[in-house]
Structure formats: C-alpha cells, structure tokens
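The block underneath contains the structure these notes are about, expressed in structure tokens.
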Amino acid sequence: MSVLRNRRPSVAGAGSGPVDPPVQASYNIIPIQNVLMHGEHPSLRFPEVRAAVEALAHAADLPPPPFARAWESHRADLFDWLGATFGFQRHNVRNQREHLVLLLANAQLRAGGTLPTDHPADVLHYSVPRAIRKKLLKNYTSWCAYLGQRPHVYVPTAGRRTGAAASVGPDIRRDLMYAALYLLIWGEAANLRFMPECLCYIFHYMALDLSHVIDRSIDVETGRPAIPAVCGEEAFLNSVVTPIYNALKGEVEASRNGTKPHSAWRNYDDVNEYFWSRRVFKRLRWPLDPSRGFFVPPGKPGRVGKTGFVEQRSFWNVYRSFDRLWVMLILFFQAAMIVAWDGRSVPWDSLSYRDIQIRVLSVFITWGGLRFLQALLDAGTQYSLVSRETTFIAVRMVLKAIVAAGWTITFSVLYARMWDQRWRDRRWSFAANTRVLNYLEAAAVFVIPQVLALVLFIIPWIRNFLEKTNWRILYLLTWWFQTRTFVGRGLREGLIDNIKYSIFWICLLLAKFSFSYFLQIKPMVAPTKTIFSLHNISHNWFEFMPHTERLAVIILWIPVILIYLMDIQIWYAIFSSLTGALIGLFSHLGEIRSVEQLRLRFQFFASAMQFNLMPEEHLDKFRGGIRSRLYDAIHRLKLRYGFGRPYRKIEANEVEAKRFALIWNEIIQTFREEDIVSDKEVELLELPPVVWKIRVVRWPCLLLNNELLLALSQATELVADDKTHWNRICNIEYRRCAVIEAYDSIRQLLLEIIEERTVEHIIVNQLFLAFDNAMEYGKFAEEYRLTLLPQIHSSVITLVELLLKENKDQTKIVNTLQTLYVLVVHDFPKNKKDIEQLRLEGLAPSRPTESGLLFEDALKCPSENDVSFYKQVRRLHTILTSRDSMNNVPKNPEARRRITFFSNSLFMNMPRAPPVEKMVAFSVLTPYYNEDVLYSKDQLRRENEDGISILFYLQKIYEDDWANFLERMRREGMVNDDGIWAGKFQELRLWASYRGQTLARTVRGMMYYYSALKMLAFLDKASEIDITEGTKHLATFGSIRHENDVYPRNNGFQQRPQRRLNRGASTVSQLFKGEEDGAALMKYTYVVTCQIYGNQKMAKDQRAEDILTLMKKNVALRVAYVDEVRHEMGDMQYYSVLVKFDQDLQKEVEIYRIRLPGPLKLGEGKPENQNHAIIFTRGDAVQTIDMNQDNYFEEALKMRNLLEQYNYYHGSQKPTLLGVREHVFTGSVSSLAWFMSAQETSFVTLGQRVLANPLKVRMHYGHPDVFDRLWFLTRGGLSKASRVINISEDIFAGFNCTLRGGNVSHHEYIQVGKGRDVGLNQISMFEAKVSSGNGEQTLSRDIYRLGHRVDFFRMLSVFYTTIGFYFNTMLVVLTVYTFAWGRLYLALSGLEAGIQGSANVTNNKALGAVLNQQFVIQLGFFTALPMILENSLERGFLPAVWEFFTMQMNFSSVFYTFSMGTKSHYYGRTILHGGAKYRATGRGFVVQHKSFAENYRLYARSHFIKAIELGIILTVYAFHSVIARNTLVYIIMMLSSWILVVSWIMAPFAFNPSGFDWLKTVYDFDDFMNWIWYPGGIFSKAEHSWEVWWYEEQDHLRTTGLWGKILEILLDLRYFFFQYGVVYQLKIADGSRSIAVYLLSWICVAVIFGVFVLMSYARDKYSAKQHLHYRLVQCAVIILAALVLILFFEFTEFQIIDIFTGLLAFIPTGWGLISIAQVIRPFIESTVVWASVISVARLYEILLGVIVMAPVALLSWLPGFQEMQTRVLFNEGFSRGLQISRILAGKKTNAV
C-alpha cells in the first residue's frame, strides 16, 4: 500500500480548472486524496476500499500525457493520467475517482461470498471491475452493434498483471480505464447527459484514442507517438461539450421558450437520435467539426432539422399512436351495427344467415380505409423528416398510401362483385360463393401481418430475438412496417406475463363488447329505423336542406358513439380494481389493520422482524436459488400462522429478543422525537431490557393490559390444582408473561428496598423460596389460600404507589410492608404455623425487634437518581393496576397507522435482508429550488385576514402532536409555555416545519436511512455479549421521559430540575463502536440539489442559513448547487458545486467544483436541476425524492430488503426501476385534501399494483421510485428535459425505461410519505399541469413508439393508463355537451315535436336508449371503485363504505366533477394550441379565503364559461322542448348535466374558506369590479388588471398553428346557433319560417353594437368636460329605444317576453364574435375595431361575473350556509375534535 501512503490531493497536470477558494481541501465520503491525514477514517477500515484505491494506483508505466505540466508519474493514478491526457477538469477527476472507488469496493463487498475462498480481501478481484465496465458500457456496445460498428473496447483475457493482482486473474487495468473514461465523460457532459447515444459517440472515439495511446501507436501522418484528438487544458469541455451544448442552446433560443411549434426546432431527443444513424460518423467526424450542418444555428441554410420524429399538434395523434385500438373499436361497431340492424334477438341468429355474414365482411373495406388514413396521417405529420439523405422515408410513405388505397379499392370491387352476382342469381349460387371465396382469399393475404404478429406474440422470445438482432436482411423485412429505431426493440414480455395480461384484457373486452351490443347499439336500431321512415315533419325555422330526419338520427347516435368509444375506461376501472384487490389479498395487505390486531400477533411480529430485518449466515451460499426460496416460503408460513417452536415465542434469554427490543425501542423513541406519542405512551409501548432477572420477555405494557387482573380473578374463582390453573394462564401468552413478570418484579422490588444481610432480607428470600418450591411440586393451590390474592395485590399496589412519591413517608411504607408480611406469612398459608415453626423456616425473626415492627430499620429506598429502578417500579405499577383495554394506545392516528403498516409489512413477501456491508449501495436525490426550508418566526406568527397564523392552525390540526411537543420541551427545561419563543424557538420552528411540506421535513425523513443503516450495521456485527451488555447499559438511562410526569409524586410539574435525557442518552447509538459511520457512508449518500443556493448565500437569504442548519444537523447530507461567477473579462461562468458541513472545521466546505459549458437550464427546470447534481450521487441505485416527501425510520429499516429486488426476476428479467408505495400525509388537513389523498392513494397502491402485475406497463409517475443507477445514467438519466414536450418529466423516465428494454416492478411492503396540494386552487393548478403534460405526451415520440412497438394487449394497457384516461375524461364532458346540444337542436328545429307527434312510442324507445347512455355516464361512479376496494382491503369493508358515504356527504362528487372539467379543458387546449407550462402551486396550508377575482381568473375559461353555456342550453331546452313539459322526464334526462353545471360554478366557493360569508362576498364583488376596470399597462399584472389577464388568456392563440385557429373558429360558430334557433321562437316572428327573420336578427345585432360604439364614443369625448352633451346622447338613445318598442308593440306581435328570449339569442352571439375576434387578433388589432372588442369583452366579463356571483351571494345571505360550508370543508378536523369554527372566526383561544 505504498502508493496509498504517497497519495497527495492532486497531481499537476491532471486536468485543469479554476483555482479553488482558500478552503482546506475536503473529501466527500472517502479521503482518497490524503490517506495519511485520514488514515483512521471509518471507510478506510474496509480492505475492499483499500483494494479499489490500490487497483487504480498503477499509472507509472503509462505514456506521459501530452501538454502536461510537471507530470509526476509515481504519484499519479489512472484517473490523474486520464484527466491529464484528455483534458478533463481536475474536480471532475476527483469526483469520479471516488465514484469508481465506491462502486468497486461495494461490488467486492457484495461479491464476497462468491469469490474464491483464498482470494485476499485487500486485492481487487478481476471480475469486479469487469462487471462494472460491462454494465457501464452495455448501452455503448448495443449502440455499436446497431450501427454496425466495432466497439473500441479491447480487454485482453490475459496480459500484464500489476502488483498483487498478478495471482488472481487477468489484468484489470483496461477494464478500470474504460470504466473511468466513461465516467469522466459522463461527469463533465453537463446537459449532454440527457443524450446517451451522443455520449456513446464521444466515448467511441475517445476509447479509440485511449487504445492508441496505451498501445503507444504511431500516428501515420506525423510519424510520432499518437496523441488524443482532444487534449490540453479543459479540452474536453471546450472542444467536445461546449460545441454540442451551443447547438442545443441555439435551438432552445430559437424556440422562443418552447412556444414555437415542436416541428420548428430540435429538442434533446432530436439531437440524440441524430447519433442513431450511420451517417453521423461521416457527418460529424472526430474531432468535432463546427462547420457541419449539425452545428448550424436555426434559420441558416444547411441546418440539420428534426430527427426520427416530428411532434405535431393534432388530436389525430391519439389515432395515429394507437391505431390498432381504434381499428378494433371501429370494426366492431360496424359489425355490430350490421348484425343489430337485422333485428333478431341474439347476434348468432343473425350470423347464421349468409346475407348478414357477407355484410359483416365489409369490415375489410373499412380496415383498408383506416390503413389509408394512417398512411395519410404519417405523411402529413412526418413529411419534414424527408431530406436528400432520407428519401427512403418518403418512398415508404408514398408506397404505404398507395398500397392501402389499393387494398381499399380491391375490397370494394370484390365486395360489389359478390353482391352483383348474388342479385343477378337471386341467391347465393356457386358463382356468387366463388366470388365470396375470392374476397376471403384477398382478406387472408391482407391479414398475414396480423397472423404473423399473433404467432410471434405466442412465442415472444423469437420476436425479441429478431428485433434485437442487427442482421441487414431483417432490416429489409421490417422496413415496410416501422422505422428502424435504436429504442423500442425486443419489448415483448415472457410467456407467463403475456398470458396474464391477455386474460385480463380478453375478459374486459368481452364484457365491454357485450354491454355495447345489447345495451348501447341494439336498443337504438328500432327507433332509428322508425325515424328514417318519417316524412313531412314541419320545422320551426328556415330549412337549408331536405331530409333532416337523417340529421336527427345522427344527433341521437353521437352520444352513443362517444360513450361506446370511451367506456373501456370504466370497464378498466372495474376490472383493475377487482384484480388489484385480489393481488393485494394474496400479497397479505391489510392482515393487520389496527393496533388491536397487532396485539394478537405481536409475538409472531417479533419473529417476523427477526426473519426479515436480520441477515443469516447461510444467505451467501444459496441466495436466490430454489432452495433459498423454499426455505423462505416455509419460514414465512410459520411466521404467518404460528407453526413451529422457533416462532411460537421468544424467551428472554435469547439474543434475538434483545435484538428485537433494540429495534422496536428505537422505533418508539423515534415516534417520541416526532411527537406523535407521549412520554406515557412510550413506556406503554417500549420493550424494557431485562434488569431484574425476569424470566420471560418483557412485552410492552400495551400487550399486558388487564392480564394480571384476569389471572387473579381466575385464581380466586376457580377451584383446581396448580396444573389446571397454570394451563389456563398459559393459554394466553401475554397473561403468562404478565404473571411471571409481576411475580419476579415484586420479589426484586422487595429485595431492592430492604437492606441486604438483614433479617427482613432473609425472610423475603425464604418466603419466595417457599413459593417457588410449592409451585415446582405443584402444591401451591393446596398450601395457600388463593382467595387472599386480591388483598395481597391491593397491598402491593399501595406499596408501589408509596415508593413512587417524591417525598416518601417511611412510616407508611413500613406499615404497608408489615401488612403484607402478616397477610402472606400468617393468613395466606392454609396450614397455620406457630412462631417457632416460622423461625425454623426463616420466615420470622429469631428474636423480637425492639419496636416490635419488622422492616423499620431495614428499609432503604433508592435515590431519585436511580432512573432504572423507578422505571421498573412504574412498569410494575402499570401491570398491577391496568384495567382498561388500552386499545387507544397510541392515541395519535398517524402513530397507529405507521405501527400497523410496519407490522403488517413484515408478514408480506420481501427478500431477506443482507448484512449492511453486502447490501446494494444507494443514494437519494432531492431537487430543490426556492421553497420553504424551515418556517420563520414571521411565517409562523403572521396572521391572515381571519386572524389565523400557521402555528395556530397547526396546533389545532395536530393537537396531539402539540401537546406531546410541549411535554417534551418541559422535560428539556422549559419552565412555562411562553418560554417557547425564547429558549426553544428553534425547536418550535422544526416542529412546525416537520408538519408542513418543507425541505426540513424531507431531509429529516431521508436521513432516517443513515440512522437505520448505522443501527443495522451495529446489530450485524454485534456479538451476543455486546447486545446483552449493551441492553444492561441502556437500562441505566431509564426512560426518555421524566420520572414524575405520570405518577403523583410531585403534584404536577413543579419538580426540581433534572438532567435532560436526550436522544443520544437512551438509544442504540450509545452502543456504537465507531465503525458504523463508515459502513453507513459507504452505502448511503443524500444529495439535495439546491439550484440557487449560491445566489441565496450572496443575497443572505434566510433559506440559505436554514440549509446550512440542516447540513450541521446531518453529517451525511450534501448540497449541490449551480454557482454563477463573473470573471474579469465580463463573461459569466457556471459551475456545479458540491458542499458539506465539516464537523471538525465547523464550517461549510466545498468538495467539488465542475465548470459547466453555460447556463444550466436549456429544458425544463426540475430535470435540469436533477441532472447537474446526479454526478455527485453514489452507489448502484438512486431514489428520487421530491421536496414534498417524507420518510419514516421504521420504513428505512426495510430499504436493504427492497434493494435486494434487483437480484430477483420480475417476469422475464430483473427490474431496473423499483416502484415504491406512497402514503399521502396531507389527507387530514381538510376535506379537499382528504379527497385528493383518497384519489392519490388508490392510484399509488391498487392502481400501480395492477400496472406492474399483471399488465406490465407501470411507468415512473413521480417519486419515490428507486432507479438502477448505472443502468439509467448510461441511458439518459432519471427524466427527460426537453422544453414543453417533457413538462411531465417523470413519466418519460418510465417511457424511456420501457422502450430501452428495462423492467419496472412495484413493491408495497415499504412506503414513503408524500404531500399533496390541499386547497382547490392548488389542486386545480396541479391538475392543469398534469393534464397539459398528458397533452404533450400525446404528441410525443415516446407514446407513439409505445403504441406501435408493444403487443396489442400491452398497447391497450399503455393507452388507458396514460393519455387515454385524460382523453376519455374529455370524451365524457364532450358527451354531455353533444347530448345537450343535440336535444336543443331537436327542440328548436321542431324535429322533436314531429317525432313525438308521429311516433310517440318510438320516441319513448329512443329516449330510453338515450337515457341508457346517461346512466353509462353516471357509471363514472365506478371510477371510485378502486378507492373503495383498496380501503376495504387495508381497513375493512365497513370502514371503507362508511368513508365513501362520508365523502359523498362532504360533496366529494362535486370536487371530482370539477376536477374532471379541469382535466378535460387543459388536456384539450394543450393538444390544440399548446401552452403547457410549469405551474407553481405552493405547498402551504390553505386557511385563507380566496377572493372572487382570483377564482374568476383561474376558472373563468376552464369552468365558468362552459358551465354557463351548458346552463343556457338546458334552460332554452326546458322552455322549447315538447318532452321537457314532462318534468320527471326532463329531470331524468338532464340531471347529470345540471350536476355538472352546479359543480363547475359552485365548487370554487363551496371549497373556499369563508366562501359563503356575506361580508366577504360583498368585499369580493367590490374587488372584482376594481379589477375589471383597472387600466392595463406595461407594468400591470394579471392579478391587478382584467385587461392584462384577458391578453394572457389569449397567449395560446398566438402560438397555435393555422389548423388550431381554424378549428377554434369552427368551434366558436356554435354560439351563433342560439340566435338562429331562438329568433324563430319570438312572438314578433309571428310563426314565419323565412330566412328573412334570421337576417333581420343580424340587423338587430348590428344596431346594438352600433349603439354601444356610439355610447363609448360619446363617453370618451364628452363625459369628462362636456358632461351635458353626454347626457343628451344618453337621453336620445333611451327615447329612440322606447319609440322602437312602442312601434313594435303597435304594429307587430312583439311581447315583453321577447326581450328576455332575445337576450338568450343575442348574448351568445356576442360572445361568439368576441371569441372569433381573439383568434383573428393579428388582423384587427391595429384597427379601430379592436378597442370596441375590448370594451364589449369587458362588459361580458362583468355579466359572467354577476351570473357566477349571484348564487354565491344568495347562499351567503341565507343563514346557516356558512356554518355548513365550514363543517363540510374541514370535516376531518371536526371529527378529531378540532374547532375550525374558532379558527375561521379568529378566536384564538388556547394558542401560544
């Protein structure tokens, strides 16, 4: 190890970089740079670490690096040499050196059991670096094979061996160098890390240069030794990374922040896919040539355009990506219509007729047409991919269109010929059947590809082989079907998985198609035929075309078709719920649902903890094999059902019991630190160590409650012998333990308080010996009066209570002891003994005492400082006196939930835990920007308009926690509650922050991993002696609580000050030997990427100080940030920096500083933030954690079990992404948070369970999933970051994983906390972001490739669990609208009346059929089914039903209906126009009233306008419909629609604190009017001015394309229909059906608009200075209007009702004109018309505001609604006794 001793911090010439700040050189985890100074560092005690460092040290014989300054080869290692040779930055070299050392050391630690037994531990085995090199370069080798290139990786099987490695295998240096080179490239690649094949290209040439340099090749051009093409100071950054970065930056800048169409600029995927072509080697060359088209900026000739895929905004993407689904639906609908039209009762009767059979064959014509449509869509969307280099793409597009058209024509001709022959022969003759045969032959040829796909689906491994094989002949065969891509090959699952998800979908489709045929399609056929037969129906308006009965049929059928297309989503909800519940049942979820159930299984729980959390010696020998699985299965059965001696009970003398006690107590102590249990509950829950020679396990008092009293009752009432008594006691394990512990404790207590070597001490000893002898021989019941046991029990209780008093009365204690003595010695035995006999047996003093009283001179009460003694006495008192069931311990629902989930999880199937040294190392990465770290004093005390502060709110919501917190603070020295703002203010900030969604909460949770690993590392290494002695040592510290908090020793809290018993004084950490830190640091790293931390420090932001505070508290915490440094030349440079808090120096120190090529953010912010910090993570796995998440200590104990899943097959391969269950911890804040929590919980449990198994389509839906780190870092990272298209960045990691052949699993035996938005506005913004993200996903290449590359059934799973959910939600809303619009058309046109009069029965049937569709819409109830079933599974059926009922009473349906509107609006608008953006929701507590103006801004376009439109439709229909005259029919038909209207208008106010407060409503309206009339300007904001907001709401129309504008105008034309339909209903029309009526109505519109313009002109010109003129104009207008009305009354049929009816006609017309004007704004903005548009729009906004405000004002004015709304909104708080009404009233009683 001489090289190790001579290492120094850096080697001159080993790369270069900026000069470090004048801070002592620091290390991250392992002090590799200065081993001498840190030789005793815990990590360096591992020989594997030294072996890894030694293996990298051999660089002396390598060629000196070119351009290196003062190269010292004897001090350099391989990383120094690579850094100097290729020009890597020095800090990048340091960072990746530690990275690789840890990878090697951990790999060798894990491989310890598989290596040769004679292999020395301090020598790196050759298989370890080889395995790492292969994993790192697997994607590279696949890329080379795909492009037909030979990998530039040469590793000889034997060669030169260095040092001690010479005797253990091949030379490993090349393996190490290739792995190091890739890591150095990756570590400095910055934004290029999102482009894995770009990195492959770079590595390809740099590996070639490396081989030339190592082999000392001669450059053929210079004749000198070869040198790398990239070398010199910072050469890699300047010559490789920066040019590609600048090309990307140019594209992003040209995209106008992503608002330009995706087809106009290249994103990360486009640039990466440029490296999927063989042309790249000729085009880019090496070194990179900046003159190539790849680097040409946008807008200049010769630029390379989109690559691989073009994202186009269109709803056709839904069809194009999932064409197989739509083909299935369309073809079945056609076939079902043909069969149903025949009219027979069952379809198979119809299909027995040849005519029907032949008509069904017409589906092939439709199929051919759909293929032609697909070909046209491909050509129309992907035409920009065509260039001179990609002519084959154009050829294929044209050929596919021609072939599809040819098939369509062919089938059409053959079909016509069949029927022609049939009609000529008037039967199905031989000639006709021959033509049928010809048609079938053509169809057989047509379906050959589908047959082949079916065969390959049945044998998936063949298809995987063919797709992954890079044979050119296969390229030619598959060229016709799909574009060749590097990803999306070999995605077929194993046969078993295929069978499982195929059965799922076959059953679902059978149910769906049966339902559709019998309840949707067939009932509509007869009414349709009847309507077709109707003629000469009179119309209420001018009819533009004849045969409008056909239009009536279309109107009736459109809702049916829409529901037919979307109801698979409902069927999926039903089937997935049932499947998920079944899987959860077999996974043993919900077996322990309460603390009561845990009590019954606690002894088995102890064994389960030992089995799952403690490793065994045999683990390495046959882990993962059949024998291991059988072993685990047998023992799990024993655990679950109590079979076998080892799992019946754990006795006190077994070391396993002590291990269990240490872990369990640590969990309980953690609960106490989190203030979710009280001090008293700690003593009831913890397992005390054995210190009084007690012979049984000392179960928690919680389990022993009332058992002793029950045993006493049995003893006194039952007359039997000892055996019978004892057998009955032993039937209940806890009763047996309670009896023995009480007996042993009483004995020990008496011996402790009586002086040794006294007569009394001898008497007590002899007395218990007599009891022991009697019990041993089974004569206790014969010799003693068991009926006296209650009296003895009472006297013992008296004695114990006397001892627990602080001021002990010695006389009372002596008297009590004397009473006990008399009872036990004289009264208790059945055979009376005289004094001589008692003296003879040692039960009486040999001579009388002077006072005549025993114990008077022998009593010695231990001092108050004997913590252990009084803890045991208190426990004895609890056992003796407990009478209640203690079912409410712990009281806090969160503590109960965590205990039950943890205990239940240990009975679930999970891998056995390896020792900490052999576990998979992992990191946690948390992105942070500018959110709250810790709540400040101002934040905690600042009051809202209701007088409510965050602290007061938290005190009421978390009442138990607050009481426990105050109890803890008093124990730690706080004299009174007011002192909390002084001496305990930091603790208060932490307490509050740990209950919000703050960074502090997340950091505390993630650091539990570190604490858990340290404890587990100690338990792994600790011997039996260590644990036994350690438990005795811990026992001397007593409890974490004060000695007189519960028992009446001091009359309350007026006790004298006592020493603080803090965390470190009474937990396992006291037993650590110093090695645990090293093991934990090697296995766990936590990096928080605080992007702007540097700027926050410079600005002296409180957040920066708080982040530093967190680093001080957590030694394993690292903070990464982007530092911006302006140099002397004026240019800004950017660095990725990693810092930590040095505990020795007591200050923050910088570890690494790696320069970036430019600004960090080219794409979306969060993935870019993750990407810059991922280079500082370590280990083989990385868990991504958001800033609103939490973790729990007991769950952290299972992390090494979870990481073992990487060694197990899930399906046909091992997982690359481990899905983890979440618990939404914000559900108790309000009813809204409860609804959101319930919805989210059902998805992250039952939903994802089904996605992973059996559907095999689970993606990455956000954190806390665990990634195979090396797999993902070589394939693009943890997310995608392209601007806008990857706005939902997380799920693209799942798409990328699936497309690249990864495997995603889901595991529910471990959970992580997750916070969700708790206010309606927050929730809506979050759902807007997610819905917009799904809109962008619809356009993405990832969705398209998944839709085409996976098999048919998996494609269905992908669609209905991703974008299909949002698309079908939109279809549900669209169905309601089309139904309402259709009914309105029928009513206004007169068709409804004609149908009603001509065929009343038929119409009723049609109505019934339509009502069936309404009931299908209401089947949306079944979307709540997952929630009900999951709650039933985990909490019981009745609680689940009750919770569902309670949620309905709290208007959860209103919330979910409102949420449906949010999803449909933003999803549809994003696809049409774009506009997806990140919406910061904020993560605060919502107790503040939101103003009406704020709600209007947020919901006007997404909900209010649509609800008012639907309301007007329903109102007009009610007045003019014939059917609607029957009130019941109208209610049944339109109930769903009215529920939607009410929900969309009222939800923002029903779920708004003080939403129905009258004064607030008045103030809100004033504020709204001020906002409306506030003038817009350059510096105005949307929240201040309506005009600014109005312009911002049109942003999507400015960025949309031509087709988006055309479609928007077409949709706006619907508003004109009101005018056309209603004007003919006016009395003034006098029943005329002439077109002139409609044309005259437009004259009215023009007159109204002219009057408005005149008034506006007069106001602007005269109102300020010539007010009289303005009044004259107003008067003239009023007089003119009155004259017109008089003339109408006199000379026409005009009536007053026409005014109100006319409003319903003309108001929508005005809105339609405004909407169209917004679309064509670029053409009219510069004209005088635009000012009038703005003025009219403002009046409309006022009108809409009044319409929305009216019901709110009415409910606010009525009494009682405010109280009811408060109860609904905060129901969960009320149910826990919280006084939310006080909160809202501002009565802050009981506040600090």
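Using N, Cα and C of the backbone, Cβ positions are placed for all residues, glycine too.
Per TrEMBL, domain '1,3-beta-glucan synthase component FKS1-like' is recorded for 173-289. According to TrEMBL, the feature transmembrane segment maps to 325-344, 397-416, 437-462, 501-519, 548-565, 1358-1380, 1504-1523, 1529-1551, 1635-1658, 1670-1689, 1696-1720, 1740-1758.
Contact between the transmembrane segment (1504-1523) and the transmembrane segment (1696-1720) is supported: at least 3 Cβ pairs lie under 8 Å, counting only residues 6 or more apart in sequence. Contacts between the transmembrane segment (437-462) and the transmembrane segment (397-416): present, as 3 or more C-beta pairs lie under 8 angstroms, all at sequence separation of six or more. Ranked by Cβ pairs under 8 Å to the transmembrane segment (548-565), the stretches 1358-1380, 1670-1689, 1696-1720, 1740-1758 are led by 1358-1380. Taking DSSP states H, G and I as helix and E and B as strand, the domain '1,3-beta-glucan synthase component FKS1-like' (173-289) has 77 helix, 2 strand, 38 coil. Take the transmembrane segment (1740-1758) and the stretches 325-344, 397-416, 1358-1380, 1696-1720: counting Cβ pairs under 8 Å, 1696-1720 has the most. For the transmembrane segment (1696-1720), the list of distant contacts is 1509, 1512, 1515-1516, 1594, 1597, 1605, 1608-1609, 1612-1616, 1618-1619, 1621-1623, 1625-1628, 1641, 1644-1645, 1648, 1729-1730, 1733, 1736-1737, 1740, 1743: same-chain residues at least six beyond its ends, Cβ to Cβ under 8 Å. Listed by sequence, the residues of this chain that lie at least six past the ends of the transmembrane segment (325-344) yet keep a Cβ under 8 A from its Cβ atoms are 319, 350-351, 353, 356, 359-360, 362-363, 366-367, 370, 513, 516-517, 521-522, 525-526, 561, 564-565, 1355-1356, 1359.
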